[in-house]
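Quick notes on the structure that follows.
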């Protein structure tokens, strides 16, 4: 038997006879492990490959059913209809062809399924063949142009008119931020949902709102974490507050989606959840204060500045806590409650939250002579500019403190603030002493603060101007946006002008009209793009439309995060979606049921249902990721958010195209 063995086998047997049993056993175990790895890899490869024929067989079965229907009637329109069904993965088409029992409450919708498939859009000047040969580029450019138009009309006209309305009605900042200002930031999504229900007769509105929600949670937070100038510490209360409401709203939405239809009372329940959030925001400060008093580690600490201590050259306890070398622009883990509605109500995308990142440390910033005439946005930008000056001057102040010693004189300036605290600001001086406020030690040159605030007033709070810019890049941008801005400037009064302030109703209703027109064109051209390249409106809503309508939120959140306001950026990303889920979706549904004699709305889309479930799962992953990053917005958190967003897009598209089958069937 030894004669028939190969030389390699004889050499191995000889080596094992001379080596210790352990050496031979190690060699045998390594071969065994390699064999196990190969088997596992083979099984995984078979599983991955098996998904392809399963998906192909599903499409083949669908096509065979449609082909059998075509064989009975080979007329031209029937063939064209079958061709549309193969290129557009629209669930309504498939239900029309082979679903045996449509919902009884939607009989009128089933009779007009052809119109619902195409939507109530005007006839395109380009045929499908011409669009496939290159004319679709014009539709893509027009769709992007509508993204810019929606951002401009909301930014320059709609939100300022809402600010005037809240001031006229005397609504508190918290309630205004959760109602009027939330509507201003989410107007594109709301009108897209209305168009999807009444004009497109598709789920494009649901896809846009769900995709926008994931974009705000994952992509926006990821961008804020990557582009912030420093690692930002986050606090738990704003995130806990908004996530709690958002989880309840998502669970309600998932439950209502289970039977493929939305009843009128289900829409009403979602709207009721929104009003509950508004009521909570009315008492947000009191609730937060009570909750943190119940939790010993987060007790609210009130810091007061004695008059004598503030003016004393040697004021300050050397053993007491001092401010870090660079003042933080967000709340730390042990900081007190910092809610200030003026800080929150200034930027329209962030109007749902009440956060004053420096109320504990800085109190208020000084009442300027033009403070009462400024809009909420101008007040925020003014304060943000002062904060920026404080951060820039801190290092110089510390150096002057060590070299020059005591201050000659301290000037007290009182400013309006919900916390009713005071701040000491020192005028310009070569030798100055810092004012110490518990853990605060700041020295600000008085000459710089007016300059900063005047600059913020001049640049950010001025009415819209159509003057020709001097910079070449700005001139090119001006030419691009001029066809949008000029009609708005002609038809809508700018309420930021004192003389036009009384015309705020015209601006309000006119802005709504323009938003409706821009949203209609955006959805129409997105439908044409999807029809040309062969994807459904639901996928367009989940991807392109969701990102396009959320660009203003992205830009504002990144700017706020770069200023150091990490809490405001993160909590707004979660809280801004509450309006979309509890108003943007149920309001069009409720209007539809009322108009159609309380008949339910069909939302039969297995891909979108799983997308909503994925949205809920991604929200849990966001909370877990923030906790694992120790409540800090760093680069790792940013890359995690980007990875989760990519996974959501891929899985959602595969589910909507039936390449993957949702494990939860409806």
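Keep in mind that glycine also has a Cβ here, set from the backbone N, Cα and C atoms.
Just so it is clear, the model here is predicted, and its values are computed rather than measured.
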Original post:
For the record in Swiss-Prot, which of the ranges 285-310, 311-336, 337-362 is the region 'Disordered' one?
Top reply: 311-336
**OP:** Using Swiss-Prot as the reference, determine which range in 134-154, 155-175, 365-385 is annotated transmembrane segment.
**Re:** 134-154
Original post:
For which of the residue intervals 72-92, 93-113, 261-281 does Swiss-Prot record transmembrane segment?
Top reply: 261-281
Subject >> From 17-37, 206-226, the residue range that Swiss-Prot assigns the feature transmembrane segment >> reply: 206-226
**OP:** Could you pull the average pLDDT for the topological domain 'Cytoplasmic' (1-38)?
**Re:** 51
Original post:
Counting by DSSP, what is the helix, strand and coil composition of the topological domain 'Cytoplasmic' (560-574)?
Top reply: 12 helix, 0 strand, 3 coil
Subject >> For the topological domain 'Cytoplasmic' (227-237), the number of residues DSSP places in helix, strand and coil >> reply: 3 helix, 2 strand, 6 coil
Original post:
So, by DSSP, how many helix, strand and coil residues make up the topological domain 'Cytoplasmic' (629-635)?
Top reply: 1 helix, 2 strand, 4 coil
